[in-house]
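Asker: Quick one: structure below, then a few questions.
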Amino acid sequence: MSNTTNPLPPETEQLLAKLNPIQLAWLSGYAWAKAQGEDAGTNVTNKNAASTLVTEDKPLNVTVLSASQTGNANGVANQLAERLKAEGVNVTRKALKEYKAKTIGDEQFVLLVTSTQGEGEAPEEGVPLYKLLHGKKAPNLANLEFAVLGLGDTSYPNFCQAGKDFDKRFEELGAKRLLARADADLDFKSTADKWIQDVVEAVKAKSAVSASVVASVVSASSAQSAVNYSKENPYTAKLITNQKITARDSAKDVRHFEFDLSGSGLQYKAGDALGVWAENDPDLINEVLGLLKIQPDESVQLNGKSLDIHGALLSRLELTQNTPAFVKGYAQLANNKKLTALVSSDKKLADYVNDTPIVDVLHDFPAKISAQQFADLLRPLTPRLYSISSSPEEVGEEVHLSVGVVRFEHEGRARTGVASGFLADRVEEDGEVKIFVEPNDNFRLPQDKSKPIIMIGSGTGIAPFRAFLQQRQAEEAEGKNWLIFGNQHFATDFLYQAEWQQFVKDGYLHKYDFAWSRDQAEKIYVQDKIREKSTALWQWLQEGAHVYVCGDASKMAKDVENALLEVIAREGKLTPEDAEEYLNDLREDKRYQRDVY
């Protein structure tokens, strides 16, 4: 056909050649309606997708949800959503912090990516949905199809428990499983990539036609001049301050660190976390290699690349956090009857892993294995995340951390945490550290600056609240601020004492309560202060206060939540069930937020 009789350009002809008969029929109707000046119905262009899927009856509506603590689950869910959009699927993408849990019963397809926090709990943003599904008012999900990917850490006993719980409960409530749940360890990329591919294929199989391009819109965006720093591409910052902020007699070593961000373009908000890529202690590496009788220059293969074992242990492999998988793998190579018996008992193995660093396994059960065998037993080294303790409104192009240095002894041998020890002991003044910002939209100050806030933290859990008050003061926020803080001793462990006193003088810390657990015979904790201040706390809640909790997930955060439920039930004259619902409503309204670890 010549161009004189065909008004379509060659590019359009090529595009049309790819369409199947059903899509051509639909496109014909669309074009006819346009020619008649009528509403053509479905919009075939999508700024965020390369295609729109057309079915004989109605398009698939897929909702991709994520429950993320550090951002990994969010990233995987974004990848899945983009893949589905590229295949023409109608996708709604939401993090659970912005999702109304009660609408779950209206969904057609739900694809959930969730991490796990604490002792197997759902991440903060996933709690409302978790509680709804496991509560008395759980919906009937007979019309739902679902798939779940869990992200976790095999070094913890409740590996991917949140994903397992969601997956099980969906099915119990009548939903149909689109495909089997997948569980991914810290090095989750390969598992996540396969799960995404399997999900895409399963969703495509559910559609009436194969995914194909109907129309595409390519929107050009201006290139960003600033480098996009991330976990995979960290910024190399200078450590400009390393100051111990606990007293000499304290049982704890807590450091205040400041990093220079000048010229980096790196941005963060109060409530975010900072990722730190640390290196393992060279002395620890030498101890390990000596025990295994391995030369530091012996070559090993990691992801298809060759490097010496010392370099691999320095910056590529996890050498401090023990796991059941490591001990089991080492037992097979060591051929030690006592160790073999130990790994045959799940409880004994879990207790041993919890109490024994990797290097001390080598002390307990000496064996001669190759450098490659040892490297194959270890997980990739991962960055450590710390709550940021500064506001850029106050400190400019700096970022501050408050870090408790992990120091302990095992069988008389001194051990140190990988990142805290790296920062405290091995990075010199103006030394370089690879860092990145991990946004935490689940821990944000209220947009309405007149709202009061209640900050509850213990130990280094005070870090984000220093950032919060710096931010509130910089913005001249009118809302009242109440700090409830706990630590061991007033004299040695009152972190940032002078700064809190200054906030009081400046009129930005209106109420404060402190729990010093070891300053009297009977231990007092922050949850005790919550109960003691029950009436005032309830009054603040009635005034619209936002409640923030930062600290240990396994004990402190649970005890604080139980205390809050007691206060709500007593002061609000509510049943335990109604108190639970009240607190869950606060959570959904972003008035109860936790940063726990």
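Cβ from N, Cα, C; glycine included.
Keep in mind the model is a prediction, meaning the values are calculated, not measured.
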Asker: Looking at the FAD binding annotation from Swiss-Prot, with N354, R384, L385, Y386, S387, S402, V403, G404, G417, V418, A419, S420, Y597 already listed, which candidate in T320, T323, T492, T535 is the matching residue?
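Answerer: So the FAD site in Swiss-Prot includes N354, R384, L385, Y386, S387, S402, V403, G404, G417, V418, A419, S420, Y597 plus, from the candidates T320, T323, T492, T535, T320.
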Asker: Among D552, D559, D578, which residue does Swiss-Prot annotate as binding NADP(+) together with S517, R518, K523, I524, Y525, V526, Q527?
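Answerer: Of the residues offered, the record points to D559.
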Asker: Distance between D153 (FMN binding site) and D559 (NADP(+) binding site) at the Cα atoms, whole Å?
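Answerer: Just about 24 Å between their Cα atoms.
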Asker: Can you count the other CB atoms that lie within 10 A of the CB of Q527 (NADP(+) binding site)?
Answerer: 24
Asker: Would you list the DSSP helix, strand and coil counts for the residues of the domain 'Flavodoxin-like' (62-200)?
Answerer: 59 helix, 32 strand, 48 coil
Asker: Return the residue, from the listed binding-site residues V418, I524, V526, with the maximum count of other C-beta atoms within 10 angstroms of its C-beta.
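Answerer: Answer returned by the neighbour count: V526.
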Asker: Using C-alpha atoms only, work out the spacing between K523 (NADP(+) binding site) and G404 (FAD binding site) and round it to an integer in Å.
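Answerer: About 21 Å separate the Cα atoms of these two residues.
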Asker: Can you figure out which of T320, I524, Y525, D559 (the binding-site residues) comes closest in space to G118 (FMN binding site), comparing Cα atoms?
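Answerer: The smallest Cα gap between G118 (FMN binding site) and any of the binding-site residues is with D559.
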Asker: Report the member of S115, T320, S402, S420, S517 (the binding-site residues) whose C-beta atom has the most other C-beta atoms within 10 angstroms.
Answerer: S115
